[in-house]
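Chemist: My questions will all concern the structure given below.
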Amino acid sequence: MSGMGFLAVGVGAALGAWLRWALAILLNAVNPALPYGTLAANLVGGYLIGVAVGFFDTHAGLPPEWRLLVITGFLGGLTTFSTFSGEVVANILAGDHVIGVLHIVAHLGGSLFLTMLGFWTVRTFS
């Protein structure tokens, strides 16, 4: 592990986490049963990981620190499986089973779809 790699991951993670926090502040109050900030972070992150993987696949000559900054750091800090899991469990424990299932479908289905779309975007327009 290089010092620059360590720095790239740390800076990227801080920026991603700050964006996730901003999305939570802006969007979670809209509907507490389905916190849109967490959903937005995971869907945007899903799309951007597809774009990033496609981009780095076609730009293999870039220094590895860029991939660490964007994918491991920024997108790792932006997306959040633990918050998503906690929100789903809270819905289920509150008896809101339908909301819990919709939460799962929106996060997983939406993120997978947008990851494919992001990858397709880079492949199509490169």
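Even glycines carry a Cβ here, placed using N, Cα and C.
Sharing the features that Swiss-Prot gives for it:
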- GLY76, THR79: Na(+) binding site (BINDING)
- 6-26: transmembrane segment (TRANSMEM)
- 36-56: transmembrane segment (TRANSMEM)
- 69-89: transmembrane segment (TRANSMEM)
- 99-119: transmembrane segment (TRANSMEM)
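Where in this structure would I find these features, and how exposed are they?
Modeler: THR79 (Na(+) binding site): 22 other CB atoms within 10 A of its CB, across all protein chains.
Tertiary proximity for the transmembrane segment (36-56) is limited to same-chain residues at least six positions away from its ends with a CB under 8 Å from its CB atoms, namely 16, 19-20, 23-28, 30, 62, 66-67, 70-71, 75, 78-80, 83-84, 87, 103, 106-107, 110-123, 126.
Remote same-chain partners of the transmembrane segment (69-89), defined as residues 6 or more beyond its termini with a Cβ less than 8 Å from a stretch Cβ, comprise 8-20, 35, 38, 41-42, 44-46, 48-49, 52-53, 56, 100, 103-104, 107, 111.
Residues 33-34, 38-39, 42-54, 79, 84, 87-89, 91-92 of the same chain lie 6+ residues outside the transmembrane segment (99-119) yet bring a C-beta within less than 8 angstroms of a C-beta in it.
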Chemist: State the three-class DSSP label for THR79 (Na(+) binding site), counting H, G and I as helix, E and B as strand, and everything else as coil.
Modeler: coil
Chemist: Tell me, how many other CB atoms lie within 10 A of the CB of GLY76 (Na(+) binding site), whichever protein chain they belong to?
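Modeler: So the number of other Cβ atoms within 10 Å of GLY76 (Na(+) binding site) is 18.
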